[in-house]
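Undergrad: Please see the structure below; I have some questions.
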Amino acid sequence: MASSASSVFAAFDKDGDGKVSASELRGCMAAALGEEVSEEEAAAILATADTDGDGLLDHHEFMRLSAAHQLQEPAEESLRCLREAFDMYAEEEETAVITPASLRRMLRRLGSEHQRLEMEECRAMICRFDLNGDGVLSFDEFRVMMLMA
């Protein structure tokens, strides 16, 4: 996890000076969000985590900002995205479960490496997160699976 966080910091720190400027923050946020972030917005975001007041984020400040952002991500939005992903795999909206057959069907649609996936392999994938042993994944079981991924 720490190496992943360090990679994110390195990606934001374009000039490699060990600090993230408002300009670097702005550029990476625009790339990640797909929309422009103003210099003022980037500076305001940076200021919330700039504990030493130098106008830059060091690694520690950046990690704190990143953690705070993750905690503030609206639970409703996260839940909505999970529901959309679940619904792509679920058999029918009435039953709202992922069966081995619906998992196989969706994985085959996603790409050629899954074209030869056998039903038994799909059962095994579901079994790992099937908390109540009914052979299918409910939305709650899917949420647990995604949290562990």
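Every residue gets a Cβ built from N, Cα and C, even glycine.
Pasting the relevant annotations from Swiss-Prot:
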{"type": "DOMAIN", "residues": "1-35", "note": "domain 'EF-hand 1'"}
{"type": "BINDING", "residues": "D13, D15, D17, K19, E24", "note": "Ca(2+) 1 binding site"}
{"type": "DOMAIN", "residues": "37-72", "note": "domain 'EF-hand 2'"}
{"type": "BINDING", "residues": "D50, D52, D54, E61", "note": "Ca(2+) 2 binding site"}
{"type": "DOMAIN", "residues": "77-113", "note": "domain 'EF-hand 3'"}
{"type": "DOMAIN", "residues": "117-149", "note": "domain 'EF-hand 4'"}
{"type": "BINDING", "residues": "D130, N132, D134, E141", "note": "Ca(2+) 3 binding site"}
Undergrad: How big is the gap, in Å, between the Cα of K19 (Ca(2+) 1 binding site) and that of E141 (Ca(2+) 3 binding site), rounded to a whole number?
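TA: That separation, Cα to Cα, works out to 41 Å.
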Undergrad: Neighbourhood of the Ca(2+) 3 site (D130, N132, D134, E141): other residues with Cβ within 8 Å of the Cβ centroid, in order?
TA: F129, L131, G133, G135, V136, L137, S138
Undergrad: Give residue numbers and ranges for long-range contacts of the domain 'EF-hand 4' (117-149): same chain, 6 or more residues beyond its ends, CB-CB under 8 A.
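TA: Residues 82-83, 85-86, 89, 91, 96-101, 103-104, 107-108.
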Undergrad: Just going by other Cβ atoms within 10 Å, which of the binding-site residues D17, D130 has the emptiest spot?
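TA: Each of the binding-site residues D17, D130 was scored; lowest Cβ tally within 10 Å is D17.
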Undergrad: Mind checking which residues of the chain, 6+ beyond the ends of the domain 'EF-hand 3' (77-113), have their Cβ under 8 Å from one of its Cβ atoms?
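TA: Sequence-remote neighbours of the domain 'EF-hand 3' (77-113) are 119, 122-123, 125-126, 135-139, 142-143, 146.
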Undergrad: Same-chain residues six or more away whose CB lies under 8 A from the CB of D54 (Ca(2+) 2 binding site)?
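TA: Correct list: K19.
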Undergrad: Find, for the listed binding-site residues D13, D15, E24, E141, the residue with the lowest Cβ contact count at a 10 Å cut-off, counting only other Cβ atoms.
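TA: Fewest other Cβ atoms within 10 Å, among the binding-site residues D13, D15, E24, E141, is found for D15.
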